[in-house]
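Student: Okay, handing you the structure first.
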């Protein structure tokens, strides 16, 4: 009891030690300390501090709250303003878009019209591109609105043809055969027999493909006839009509001009003397530039639009499946490994005949990215562009003859195909991605050229060593190819004397790659244009312009053994469970792609008529054969030679356009009155 009293109210000075340890509850309410806030006991320093500091922080908090209130008011006003703009845009989105687009179009058309008024010649390219874009824009609108109605209206005609095609087809085939015979008769009477040989060469190649076909009885001749007909129509428009020839020549010049902009990057990176190492520093950078442009076009959807249009044309005429048509059209613009990506979701469902067709199309054409490189070597751009277009239907025709379809395609309508746009976020990323994607391609080209040229040199050295044992040290890989492949070159319409050189190029392209062959062809072109001697140590140095053109078409494809491995590897990675089917198609697809290129060359041989190139005519006609074929051409060329000759003294004579003293002496023999020939000293 006393102890209790000692600790009770009777002893107010006494402090209970337990009570002493407890904090003031009023303080706990104010400062968040005490039993109501158990974390205080764990970290009391967080809640205890100087009273002055507490007062100061309270003042700061009040000021911050006032600032936050002011800032919140401003933010609310800004948010309200932008919210109003956003809502207005959402309500009038279409009107704003169309208004903005209309203003852009009005400004663009005003620019085009003003440019044409000020300088029509310089504005021609812009005008042509604008008119083409307008035409296809309204064409798409027309088809979108009336396409189904037109198809519905034509259904009775289609039904009638399907029911009576077994009879009608003989009239169609007879009319086509009669037209071909009349064409060849009239053309041969006018041009000579050079155009007849490639026609029979084309028939020979088709017969060979048919004889060795996988299923000869299953060949659909509609595909073959329409494929060849599309080839012929494309070639006729481009090679025989002046508007078509001028258009593709103009297009070739524009492409060459466009590719010249690559020099800016090459000069910056490699210096002003970059062309001293022409192939490495001038040709290969073009591949990077072209790949960049193609990637940008793909991002914008232009490539997909072009591919769909060309693929649609081949599908409705030839009757091939949408998959085959799209890949064949895509190969005009992209490479053999990129074009299958267009139908990547459908690769697993392709029939084996469709797979063979996809591979054949890749072998029969070249990629747009390397097209510029070939042009930079001096290969005529118009011929390369024409060959790229003509080989697309040829690949389908030959491949479907070599391996006909025996099953029904799972994707038989064009509406089942959807070509995706690029996955890049913007145009700059697309350009960067395209440039980066070209780096492995450039490295692959450079590595293959180094390897193949080295291997070719070794093979030639070995063959020369073997040949020297029989007193024939000239024996080489080129000579073997020139004799083995000479009949194929001759049947394309190449002159007999040039067929051995073209056969060499075919061998290089098939066993090495087309870059090696085109590089050698560019040397022949340069030798001819420089007006050098036709023979050096008994070796022919160049060929005729017509033979160069036919060779350009025959070489325009990836059909070589190196590409075979690339094709099988690329397709196998896209469709792993179809690897055995892909491998089984490989060799046949390679042969089909090669013959497709040959058929394109045959069509070119039938249609192509070279412009009169006087230095070549004078060298080959006057001094190789000793007789003239066309006196009118000879006289015209000699007249041009006399006009281009400047004679200061008998020993000081200058020429232009590839002429030389040998040609002058020859022309003086035939037309002595046309020039002061008495002053010319014979060589």
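Every residue gets a Cβ built from N, Cα and C, even glycine.
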Student: Select from 382-403, 404-425, 470-491 the stretch of residues annotated by Swiss-Prot as transmembrane segment.
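Tutor: When 382-403, 404-425, 470-491 are checked in Swiss-Prot, transmembrane segment belongs to 382-403.
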Student: Do the topological domains in Swiss-Prot put residue 123 and residue 573 on a single side of the membrane?
Tutor: no
Student: From 439-464, 621-646, 647-672, which range did Swiss-Prot mark with transmembrane segment?
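Tutor: So the range that Swiss-Prot calls transmembrane segment is 439-464.
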Student: Going through 98-118, 223-242, 357-379, 562-572 one by one, which has the most CB pairs that fall under 8 Å from the transmembrane segment (193-214)?
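Tutor: Stretch with the highest Cβ contact count: 223-242.
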Student: Is the topological domain 'Extracellular' (465-502) packed against any residues at least 6 beyond its ends, judged by a Cβ distance under 8 Å, and which are they?
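Tutor: Residues packing against the topological domain 'Extracellular' (465-502) from afar: 194-195, 197-198, 200-201, 204-205, 456, 459, 508, 511, 524, 540, 543-544, 546-547, 550-551, 554, 598, 601-602, 604-606, 620, 624.
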Student: The topological domain 'Extracellular' (119-123): which same-chain residues, six or more beyond its ends, come within Cβ distance under 8 Å?
Tutor: 112
Student: At a threshold of under 8 Å on Cβ distances, which of 98-118, 124-144, 357-379, 382-403, 586-608 pairs most often with the transmembrane segment (223-242)?
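Tutor: It is 382-403, which has the most Cβ pairs under 8 Å.
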Student: At a Cβ cut-off of 8 Å, and with pairs 6 or more apart in sequence only, do we get at least 3 pairs between the transmembrane segment (280-300) and the transmembrane segment (357-379), yes or no?
Tutor: yes
Student: In this predicted model, what is the average pLDDT of the topological domain 'Cytoplasmic' (301-324)?
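Tutor: Mean pLDDT across the topological domain 'Cytoplasmic' (301-324) comes out at 82.
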Student: Using a Cβ-Cβ cut-off of under 8 Å, list the residues of the same chain that are 6+ residues beyond the ends of the intramembrane segment (325-343) and lie near it.
Tutor: 294, 303, 306-312, 314-315, 318, 350, 357-358, 361-370, 388-389, 392-393, 395-396, 417, 419, 441, 558, 563, 566-567, 570-571, 574
